[in-house]
């Protein structure tokens, strides 16, 4: 039976040809047949009203059909209308409009009927409508005045035309208006501005409508747009307002997106299947929004989705029901986003699933007409016979209608008719004609006899055998006149009689006979096939760089079939060569004389034959200099024309033609091979030969399907591989080699696992690869035991003694015989656990943390495996100092090989240990030796667990400590050392105290007050001292020197900080300079005014610290505000404070994590009435100030006179009477002033209470500290400070002090302080 096959999708080049051949059988026109409509006008036919209307209707049939027409469902008598004629032998109507007819009079629905004695075919309903291009309605257009940044829509509203017009916007100069993401045209023709800019101002926005059918363009009146910028709008407003008016337009404000179209949040859209779906979203906003589209619950269809109009329009072509769903557009800018969801429903006009096809039957045969269509909604199927509904058509006993199918049984000649199938729904209809033609005809072959087919080798060949007959004939093909029938996979037989040879070879050439037979006869036809060699360009044109006015030549050498006549065409840039005598076309080349710049380009050589075409291109670059074009070096072109000759069982000769070397000589050729039998697609290195050699004798292996390729190599690199050579399958042979890496290792005590690396596919040398596995126990007079196994890589021998040596060998064999005798290897059966433990275990303790262990080796026979080494298990039993047991944690040390000793490091001193030793082989560990006990001696203890210093007094400190975590022996005592540290971080003499081991606290007395001490503390055993722990503490100052919180204007206080430090003798010691242990900030003081405050502090620590001041309202849980202090100053002025408010303040240093002073609290003065602000401008106040200044001058003179005479003014007397031992006005050694700071008096009671700040404990004052913050002690809060802390305001005060306010602070005898004392 002949094989029939439909066209494969891979043969795309044959689709058009085969589609023509496999259509339904055409009835030859010399035989009777019903009419068939061959041509008709479209269903929706829009005509130009100025031209004649032509309604097409063509049909064929035997006898030739006659034609008639209906118009709007009734007969159209063309003889009664002088304007209408029908073409001869045709049903096409011509309506004469150009000679007086009006197209509007012929609007309607037309249908053509073609009829002969065997039936009637009808056309579609053809709707005739004349095109309309109405004028624009006149309207009054007001100018559009908009503010910069606002959105704007210019409406087009074109007239309704048929078909709808194409809309575009232009200016008066007929130039299209530029569009962008900001300005664009919508689908309705309107022009949308997401935001207007000043450059949008113009008076000629014109909308045009083009009507293609009438080739007319209608123009709307120009629209004017004026954009007001904010600057110009402000100038306009300012010009119309008085100076006292408040004016000014708001600046251009950015706005989040708002959709201009569509409106709302949701909308719906219905589209028909197969159409183009267009969805649009245009948004206003500033900055201009960006549009993004997504499909909810799915992805946008790939390859059918396009974005237009700057992504404002989503376009999906060829939509189907699967494209229904919700589509969301999202408009977004930096201020926000807005979205709109469009619910899309895809409906479908009817479309064919199976259209009815013409049916040719012989009398008495059966057949069916099938009409299947789909749509949304589901279409209705109705049948007609010869244009009449089948329900009222004449009865036919052979016909039965079953829904979408008509079944014919035992047809007769009178059953011939034309049937129409109509599938319709609300979106359209389909109409198909299919005839049933009852004929009795013997076979006939319609393909001309002895037709010649010519194809190129390795391409498909299609031999046609068009036939007709009724009943339908059977087709058979033969090669040659008396050849056998063609069968097999190398041929494809199509239903229309065509024979396809998918890959025609040279031996496919010959005569082929097609035989058609049915019950009425038989006919045959012969065709001839010639297979030609392909055309090739063996020397292609090459890239050229040529100097201007030089000469260049491109080669194009071809190889072709000798029976084909090739033609060579040269193109420049895919166009014809210039008509210039400088271009000379030779047989194998193109030469260009006197090259110019315009000759630069791509030159293509095209070789055409009647069967194929090939081409090759090269680029010509024209340069001015250098005179000699640069040589282009590149990798060589691949070799070609590979040929195998001299094929032998173990060798073959390979030859090739080298490719172009590209200006770099070929150094060698690399030959690779592919084994298509065992490893198809994998290329292996075979050999390489010098670049001068183009043939090589290759050694081959048996049973390999070889293909070869060649790679050329030059200095630049390797070429692409050549095309593979033809395949060569070598004969099978015995294996040449045996498996490698043979091993014997037991996995259990009673087995031997033999493994090896299998041979590769090409190493097998033939089919049926197997292995002969042989083994015998070594040093025992046994015969070899052998077994043959399949192509595996492992064999297990069971029942072997434990760990004995075996001789092993593995030999390869195949269907043709054995490989050479293999070599032997030694393996061992499986291991078992060792039987005995090491003996005579001895331990030698070297020191408190190290011991050495010895043992005797076990006999090798008891190991029962490969000796891997020994393991020592050891663990601590208890600590001898605590006598308490704890959880046993065993430690393991492994000693490789046959070693009999090892060191045990990391032991704990003064402890009891146990250990045992075990032997180890590949299976595991043997039994343990008896436990051996040993003890470690005492060691030095660890540091005490803690050291705390508490209860500081004027001359004593209390020390508490914890015993060492690891005493490592019996504690004998504790050693305490301490020494003082002064404020410049110098160390005093070291004092040492020995404390009994049973003590845990100590009180040190007779220490200096307000002194920092550093302590060093460690424990001792009989071996020595352990590591020490250090701590610092400070004794408190004496009670006379403790400052109480001041109650005054600022209500500030300074908190004393205690740090850890050691003790000091009362005798002044010798000090040694050391680095400070840590910095500190202390004595934070404040002087507050109405809206600002001066903050000062003392700092001890590293140089170049960068300070900052943090402050906030006292009593509130709010974030601290931070101010950075410029440089390393020790003061700062806080500005912008609220009058009458309590603030908290603290000082910190940058780079010292978590380091800051204690908090201080101060209160700003109350706000002064506005009438007091300008008091300095009043005349009486100026006079008073002059008098005060004169009085001050007199007092200063008196002060200096009395001082020179050795007398004392009252302030000096008070200083002497209330001397503070901690605060001295002047250092005796260098004569510098001590530092004084004061707080302003309380604004409510105006009490002149003052508070002086302490000097540092080392009695030194930096100059900048003493001069930066001097504050008036008088009434009021109107004093002011510069940023450097200096006082610049007015000062006044009471002449008498109120003694009821407690202690007065001493003042330095500086001129300013003296002045404050007298005022």
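Backbone N, Cα and C define each Cβ position, glycine as well.
Per TrEMBL, signal peptide is recorded for 1-24.
Under the heading domain 'Ig-like', TrEMBL lists 35-123 (among others). Broken down with DSSP, the domain 'Ig-like' (35-123) shows 7 helix, 46 strand, 36 coil.
Summarising the annotation, TrEMBL assigns domain 'Ig-like' to 130-224 (among others).
Here TrEMBL flags 257-345 (among others) as domain 'Ig-like'.
The annotation domain 'Ig-like' is assigned in TrEMBL to 350-437 (among others).
TrEMBL lists 443-530 (among others) with the feature domain 'Ig-like'.
The domain 'Ig-like' annotation in TrEMBL covers 534-621 (among others).
Per TrEMBL, domain 'Fibronectin type-III' is recorded for 638-733 (among others). Per-class residue totals from DSSP over the domain 'Fibronectin type-III' (638-733), listed helix then strand then coil: 0 helix, 53 strand, 43 coil.
Look at TrEMBL and you will find 720-744 (among others) tagged as compositional bias 'Polar residues'.
Under the heading region 'Disordered', TrEMBL lists 720-745 (among others). For the region 'Disordered' (720-745), the residues of the chain that approach it from at least six positions outside its boundaries are 637-640, 642-644, 647, 649-650, 652, 654, 656, 672, 674, 676-677, 683, 700-711, 752-759, 763-767, 769, 771, 775, 793, 806, 808-820, 822, 825-829, judged by C-beta separation under 8 angstroms.
The predicted model assigns the domain 'Fibronectin type-III' (738-832) a mean pLDDT of 91. Annotated domain 'Fibronectin type-III' per TrEMBL: 738-832 (among others), in sequence order.
Under the heading domain 'Fibronectin type-III', TrEMBL lists 837-939 (among others).
Among the features that TrEMBL reports, domain 'Fibronectin type-III' is placed at 943-1039 (among others). Residue counts for the domain 'Fibronectin type-III' (943-1039) by DSSP state, with H, G and I taken as helix and E and B as strand, are 1 helix, 55 strand, 41 coil.
According to TrEMBL, the domain 'Fibronectin type-III' annotation covers 1075-1167 (among others).
Here TrEMBL flags 1180-1201 as transmembrane segment.
Summarising the annotation, TrEMBL assigns compositional bias 'Basic and acidic residues' to 1210-1230 (among others).
Looking at which of 35-123, 443-530, 837-939, 943-1039 has the most CB pairs under 8 Å to the domain 'Ig-like' (350-437), the answer is the stretch 35-123.
For the domain 'Ig-like' (130-224), the DSSP-based tally of helix, strand and coil residues reads 3 helix, 38 strand, 54 coil.
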